[in-house]
Amino acid sequence: MPVFRKDPCGIICIFMTYLAVFYADYVVVRWIVIQTLHNSLWGAFHAVVFNSIILLLTFSHLRTVFSDPGIVPLPQSKLDFAELHTGTQKEPTSKDDYTVCARCETYRPPRAHHCRICQRCVRRMDHHCPWVNNCIGQYNQKYFLQFLFYVGILSAYAVILVIFSWIQDCADCHKDKVTTQTRILHSIILVVESGLFGLFVTAIMCDQLQAIFGDETAVEQAKQQGPFRPRKPRLALLTEVCGRGSPIFWVLPCQSPPKDLDLISGYDV
């Protein structure tokens with residue numbers, strides 16, 4: 001079921017994300033391909049590849065934004081939390097036990113945490129990301145990893161194209177002063193933008209992979225809860241997020257992440 005948060009900060013961040021992406025596309029097509037590669041098939045090749053990456057980036061970002069991260073459904077009828085409020089509720093005896101969220105007033109499965117922005121509990125919640133205006137949880141972490149991957153690839157690709165356009169000898173390039181200065185200005189802005197975004201998503205990607213391989217979300221790390229279960233192979237942990245299919249399909253946002261039916265997302269009453 002699609003979700004969307006009416007968070008002003010998240011909406012602004014989404015707008016800034018697409019503004020940066022479309023500006024990069026404008027600079028690459030208008031000031032690199034058309035200016036320096038218009039008489040070569042390499043120009044068409046780079047334009048198609050660059051925009052294909054943007055398409056995959058956009059698709060993975062939108063799926064992260066609108067996908068249910070693993071929201072724990074609210075009960076259909078009001079539960080009796082008299083024991084909880086009076087202090088007679090027993091504490092969980094293991095990490096496999098369900099807990100009670102005092103804010104949602106519902107039972108939540110293991111590793112679910114309450115998000116103060118979404119105002120709901122999310123299964124295997126890692127963090128709330130304003131750049132996607134959504135929580136990163138069990139059902140959309142794969143799309144978030146894909147988004148980071150494509151932003152990193154796009155940033156590196158843009159820097160390489162700018163460097164290549166300036167080191168090669170271009171006899172057909174416009175030599176007038178205004179065009180050259182404009183091209184230089186856009187190229188500098190694109191390199192700075194790509195460098196900042198590239199380093200930013202690389203750091204987040206490393207943090208996400210560390211959380212997956214350590215079997216410990218960012219919320220669990222902050223609470224110092226330790227690993228959720230005994231150590232498992234890294235490939236098995238990554239498969240739980242990306243799916244059991246071929247690793248080639250892990251980078252395609254068209255394939256949905258796995259949903260473990262053994263973990264109940266709600267509590268029927």
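Along the chain as shown, the residues are counted starting at 1.
Each Cβ is built from the backbone N, Cα and C atoms, and glycine gets one as well.
If you look up TrEMBL, you'll see 96-225 marked as domain 'Palmitoyltransferase DHHC'. As annotated by TrEMBL, transmembrane segment applies to 12-34, 40-59, 147-167, 187-206.
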How does the domain 'Palmitoyltransferase DHHC' (96-225) divide up by DSSP, counting helix, then strand, then coil residues?
69 helix, 18 strand, 43 coil
Taking the domain 'Palmitoyltransferase DHHC' (96-225) alone, what is its mean pLDDT?
88
